[in-house]
Amino acid sequence: MEYNTILNNTSKTRVCYFFDQDVGNYFYGPYHPMKPHRLCLTNNLVLNYGLHKKMHLYKARPADAEDMLKFHSEDYVDFLERVTPENINEWKDVKRFHIGEDCPVFPGLYDYCSIYSGGSIEGALKLNHRMYDIAINWSGGLHHARKDEASGFCYVNDIVLAILELLKFHARVLYIDIDVHHGDGVQEAFYLTDRVMTVSFHKFGGDFFPGTGDIDEIGAKTGKLYSVNVPLADGIDDKNYLNIFKPVIQGVMDYYRPSVIVLQCGADSLRFDRLGCFNLTIKGHAECVRFVKSFNIPTLVLGGGGYTVRNVARCWTYETSVCVDTEVNNELPYNDYIQFYSPDFQLIPDYTGLPFKYENANTKSYLESLRIKILENLRILQWAPSVQIQDVPPDIMPIDFDRDEDSKENMDKRKKKHNDFS
């Protein structure tokens, strides 16, 4: 009897999904918490659940130096393009680019950046041309990278590059970040403009990286009040998180009225993450995706942090099923990495009875004070900003419209061609 991985599907949402089979083969180092290999696990699960049949699969053109220069400095891009583990000692200004233990130089660094950035840029292009309702690139979402330096395991800020592309067609772009770390690189890039509203839900306080994202960071000049920060304490659970997430996002939608959304789904906000300190379940995390999706606004869905590899794969696979309106079986299908999911072999593990690593330090009164302050700031906006968009600049990447006429038969052929994700 064939194992039924899909329990229900009523999807009318047009979804495209970006994956390059090489992206999971890059290696930060033996003791580094960032493991691109998590992408291999994610995509193998997506395939074995049959979710690829509910969306169009793409291998994006890797971003080149010209693409990266839309945001990053020439010196920095040149450094990324030419530095290798073999020649790094020849560079006198490595510290200027913040290269070190957190952001090491590893074999294929530039190619890795090109691949994950290319998926985000091309996803933005397809949304711009109204080819899809949702574009997914789990390899993207590296939100800490700055204009001229690496930061927090991030080298090229694919999110900023994608938003710059979206701004060619959209007057207002909303960026939402549910990573446990503050989306500082994206906030900094758009801190002075009202055309991008950044909304970040994150741990704040003490020495927790990156140390930014207090509620009083609201933007400046034209961008004043267009940076929204929700600083949270350790141990927040699904109920408390959603009780602040939903009213804040509803308020943002009511007052800002974006025409496109970028959603960064960092999975380090999950319970038991290697570096995180929240207590979200996969279903709670995915409820944020479901809520954003309910507004029926074109959305670019990206990855981000996440350092307990098996849970990252579980989370992003489940959120892929949410994007394509498909209910999947909680029992994992057999896949190339099945041993990673021992001993339960469940998509959403049952943690009932297990002790919390972090107690919930978010009081009801504190969360309510955040909600009140943020909604007060949103009301000051009064109306959504508008701009006159004149001649639209050319796309960063050329669009091949013929690729979007793929039938289900062609999708199955593509699955066979790209079936090896190891």
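Including glycine, each Cβ sits where the backbone N, Cα and C put it.
Going through Asp102, Asp111, Asp194, Asp350 against Swiss-Prot, the one listed in the substrate site together with Gly152, Tyr307 turns out to be Asp102. Take the divalent metal cation site that Swiss-Prot assigns to Asp179, His181: the candidate from Asp78, Asp268, Asp273 listed for it is Asp268.
The shortest Cα-Cα distance between Gly152 (substrate binding site) and any of the recorded positions His144, Asp179, His181, Asp268 is the one to His144.
Counting every protein chain shown, the number of other Cβ atoms lying within 10 Å of the Cβ of His181 (divalent metal cation binding site) is 27. Within 8 Å of the Cβ centroid of the divalent metal cation site, not counting the listed residues Asp179, His181, Asp268, the chain contributes Val180, His202, Gly266, Ser269, Leu275, Gly276, Gly304, Gly305, Gly306.
Candidate recorded positions: His144, Asp179, His181, Asp268. Nearest to Asp102 (substrate binding site) by Cα distance: His144. Asp179 (divalent metal cation binding site) sits 11 Å from His144 (active site, proton acceptor), taking the CA atoms of both as reference points. Fewest Cβ neighbours within 10 Å among the binding-site residues Asp102, Asp179, Asp268: that distinction goes to Asp102.
Sitting within 8 Å of the Cβ centre of Asp102, Gly152, Tyr307, and not among those site residues for substrate, are the Cβ atoms of Pro33, Met34, His144, Phe153, Cys154, Phe209, Leu275, Gly305.
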